[in-house]
Amino acid sequence: MARSNVPKFGNWEAEENVPYTAYFDKARKTRAPGSKIMNPNDPEYNSDSQSQAPPHPPSSRTKPEQVDTVRRSREHMRSREESELKQFGDAGGSSNEAANKRQGRASQNNSYDNKSPLHKNSYDGTGKSRPKPTNLRADESPEKVTVVPKFGDWDENNPSSADGYTHIFNKVREERSSGANVSGSSRTPTHQSSRNPNNTSSCCCFGFGGK
């Protein structure tokens, strides 16, 4: 069944001799029973059709629960990173403190070794090696003995470390020469006393022969 085309309402000035009443009557007769008249040119007739339009697709906005979950996870990750950074900083500070303590103990040990008279290669703090002590003679006091340094014990890269070696060698030579004189004078009475038994024996022999 052909449906009559309802002319646009209010457009009668553009067209002449348009039988609007005939159009409306014909449209009323041809419409199905129980159906509702719809005019696409009139928004009032289309109010029901707009209400029956398919719903819009759901928006892509996240739910509040999801937002809270994401925020809590981010806060947890941030707090975890801060705690790890804090632990790393504490560990670095403790390691630095331990390293400083080790360096302090090492410097104390070095200073003790440098000042210790029993240390093999002890230094006087000026870069010069101390001369090594030698065995003292019984007839000499420790104050009068000049210790002979080991030959070549100075630092070849530091020429100033050999300063005073010539003076030490000359002094040692003088002390040894004076010590030889003292020891020679002390041996003289012993040599004379060793001759006394020969003299007495010769006298006895002469006396015995005279008799």
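Placement of Cβ uses the backbone N, Cα and C atoms for every residue, glycine included.
Record note: of S73, S111, S160, Swiss-Prot gives the feature phosphoserine to S160, with no matching annotation on the rest. Geometry remark: S79 (phosphoserine) versus T166 (phosphothreonine), CA distance 73 Å. Across the structure, T166 (phosphothreonine) and T21 (phosphothreonine) are spaced 146 Å apart at their Cα atoms. Cβ neighbour count for T21 (phosphothreonine) (all protein chains, 10 Å cutoff from its Cβ): 8.
For S79 (phosphoserine), the number of other Cβ atoms no farther than 10 Å from its own Cβ, over all displayed protein chains, is 10. For the compositional bias 'Basic and acidic residues' (62-87), the DSSP counts in helix, strand and coil order read 24 helix, 0 strand, 2 coil.
Here the Cβ of T166 (phosphothreonine) has 9 other Cβ atoms within 10 Å, regardless of which shown protein chain they belong to.
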